[in-house]
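Enquirer: If you scroll down you'll find the structure; I have some questions about it.
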Amino acid sequence: MANQKKKTLPPQHQNQQPGFEYLMDPRPVFDKPKKAKKLEGKTAIITGGDSGIGRAVSVLFAKEGANVVIVYLNEHQDAEETKQYVEKEGVKCLLIAGDVGDEAFCNDVVGQASQVFPSIDILVNNAAEQHVQPSIEKITSHQLIRTFQTNIFSMFYLTKAVLPHLKKGSSIINTASITAYKGNKTLIDYSATKGAIVTFTRSLSQSLVQQGIRVNAVAPGPIWTPLIPASFAAKDVEVFGSDVPMERPGQPVEVAPSYLYLASDDSTYVTGQTIHVNGGTIVNG
């Protein structure tokens with residue numbers, strides 16, 4: 001049948017967000033062997049760093065010489081596994097579990113990180129949640145508030161908390177999404193938060209440019225992370241990513257280099273921008 005979607009993954013579903021990487025089939029690809037020490041001696045705070053894109057970024061940053069603070073909700077097994085990969089690179093890794101939608105917790109994250117490490121140089125605001133609903137009428141007030149707290153309020157909280165520790169040359173990187181540009185009829189609230197993240201990135205970059213702090217975003221397309229089986233029905237997971245020009249989902253390891261570019265001195269003339277890693281979809285944004 002002409003309109004039948006290409007199967008890209010085994011059907012599967014998880015009943016808890018943001019999902020568990022160790023339960024996924026196949027496991028997401030998050031590691032490559034090459035390293036150049038572009039982040040030697042720096043420290044990065046990465047929310048959602050236990051799995052998915054956050055794990056790939058954590059491991060890549062470690063390969064490049066950065067100490068890593070991984071902030072995650074409650075996926076302890078994934079977090080411990082990621083910590084092992086990070087520390088295998090000869091750097092330090094601090095795990096902090098909690099809800100980034102809570103401002104007090106975000107303040108505590110920065111407090112703990114500043115006690116363990118001599119500097120904080122990079123903030124990766126990556127944690128997110130999404131809940132599929134067939135229409136706006138099905139989005140409860142609780143879901144709406146929760147999605148905004150996790151996806152965008154957390155970025156305000158952590159940025160405010162970490163800003164006194166950042167110095168010239170520091171970098172803030174926010175995870176947006178292709179949904180900020182294309183929309184998604186079953187992820188209305190999630191897409192709205194991602195649109196807010198793009199504007200937050202642009203506005204904050206203008207606010208901090210005179211301090212020498214760069215602010216950018218990465219807008220992934222369909223990437224194989226635990227959030228996918230934790231969000232979508234098994235039949236939808238089976239064809240996940242088949243609707244982009246490359247006809248497959250991306251792997252976290254294919255997104256992580258964008259974060260490294262924005263965190264390193266390779267991008268010293270880049271701020272307020274969004275990098276699109278989406279399998280070929282043209283968004284002109």
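If you go along the chain as it appears here, the first residue is 1 and each next one adds 1.
Cβ atoms here come from the backbone N, Cα and C positions, even for glycine.
The active site, proton acceptor annotation in Swiss-Prot covers TYR190. Under the heading NADP(+) binding site, Swiss-Prot lists 45-69. Among the features that Swiss-Prot reports, substrate binding site is placed at SER177, with the record citing similarity to another entry. Summarising the annotation, Swiss-Prot assigns region 'Disordered' to 1-25.
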Enquirer: At a C-beta cut-off of under 8 Å, are there same-chain residues at least 6 beyond the region 'Disordered' (1-25) that contact it? List them, or none.
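Expert: Distal contacts: 48, 50-52, 55, 73, 75, 77-78, 81, 127-131, 224-235, 237-243, 247-249.
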Enquirer: For TYR190 (active site, proton acceptor), which of these binding-site residues sit within 10 Å, Cα to Cα: VAL57, GLY65, VAL69?
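Expert: Correct set: empty; none qualify.
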Enquirer: Do me a favour and check the Cα-Cα span between SER177 (substrate binding site) and GLY49 (NADP(+) binding site); whole Å is fine.
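Expert: On Cα coordinates alone, these residues lie 17 Å apart.
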Enquirer: Please give me the CB contact count at 10 A for GLY65 (NADP(+) binding site), counting all chains in the structure.
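Expert: Result for GLY65 (NADP(+) binding site): 17 other Cβ atoms within 10 Å.
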Enquirer: Could you count the residues of the region 'Disordered' (1-25) that DSSP puts in helix, in strand and in coil?
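Expert: Split into helix, strand and coil, the region 'Disordered' (1-25) gives 3 helix, 0 strand, 22 coil.
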Enquirer: Can you check what DSSP calls GLY65 (NADP(+) binding site), collapsed to helix, strand or coil?
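Expert: Once the DSSP labels are grouped into three classes, GLY65 (NADP(+) binding site) ends up as coil.
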Enquirer: Within the chain of VAL57 (NADP(+) binding site), which residues six or more apart in sequence place their C-beta under 8 angstroms from its C-beta?
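Expert: Listed in sequence order: ILE46, GLY49, VAL124, ASN126, PRO252, VAL255, ALA256, TYR259, LEU260.
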